[in-house]
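Read the structure below first, then the notes.
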Amino acid sequence: MVPEAVSYFLLISIVGSGSAGAVIANRLSEDSDVSVLLLETGGSELNNDNIRVPLKVGSLQMSNEDWAYYTVPQKYSHRAMVDQKSYWPRGRVLGGSSSINYLAFVRGSRHDYDQWAKEGCTGWSYKDVLPYFLKIEDIQIPDLFNSPYHSRGGNLPISESRVSPLPDVYSRSAKELGMKTVDLNGEDMIGYTYMQANIKDGERYGTARAYIRPVLKRTNLHISVHSYVTKVLIEQKKAIGVEFIKNNRKTQVFARKEVIVSAGAINSPTLLMLSGIGPMKHLEDLGIPVNADLPVGENLEDHMMFFMKYKINQSYTVTKDLSNSMTNTI
């Protein structure tokens, strides 16, 4: 049984400390007159040593730091999967999915942003969002130091992943096939590209490390881990706070200024629907009082990921012996 709620008041409440939430908490708390509460269901990213080690990324899936979601059975795909379900890892830890993902730093196609702007999303053209991408970066790739699509001095270090000779072999192969080598976060994404990753000195830099750790001493930034948000509190069609459970105790936090939901592609729409914001029929079927009839959760998409293995006649790859060696670097 969860005890009755205890109430607190702040200016801004942020739900989720992942790729967006950690950045928002950092930026908003730059103003010392603004009190910010960052809520995270999981714990500290420092509790799992494998988070910092890019080579250990596989061990993070199905770990305590992973929500470990599965999709419902698919009708027209996933024929090779058990029950035609897809495993969907999501971060449950400070830094969210940036603490458990495979570290590929990809902004997306400029054409997608421009299309959103044409459809009415003012301020979302590639020209509009590029300055914010530049503000993020501390590019570690010398060839891109002078690129107008990259910058130095931001919170997030971005490097090229070349831990073996294979990427160069692939690059030469692509050139023989008539493909050009491109910067996947530059002007043109079509061609062969070296992977760009949020790695520096061989270690992962998720948003917890890049945006939260450097500002922990700010007295106006409050971080509550192991805090499971169950509802956005709404009064007269306005979000006034959130309700969460921590240490088996229900707590309500009222935000005098705003509530920001940045809990990811799955948990954000889930939280909104639990709060009565979503498709009316779906909410009514579940017995949830409707605050707003909106198409929350629709059109959710994700990319597929395939692992392809090939036998080669030279030791180009990162082998088990090499990765465990104390005398070799990779």
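Each residue, glycine too, has its Cβ placed from N, Cα and C.
TrEMBL does not curate its annotations; it predicts them automatically.
As recorded in TrEMBL, the features of this protein are as follows:
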DOMAIN    91-114  domain 'Glucose-methanol-choline oxidoreductase N-terminal'
DOMAIN    264-278  domain 'Glucose-methanol-choline oxidoreductase N-terminal'
Task: Counts of helix, strand and coil residues, the domain 'Glucose-methanol-choline oxidoreductase N-terminal' (264-278), according to DSSP - done: 11 helix, 2 strand, 2 coil
Task: DSSP residue counts for the domain 'Glucose-methanol-choline oxidoreductase N-terminal' (91-114), split into helix, strand and coil - done: 9 helix, 3 strand, 12 coil
TODO: State the mean pLDDT for the domain 'Glucose-methanol-choline oxidoreductase N-terminal' (91-114).
DONE: 96
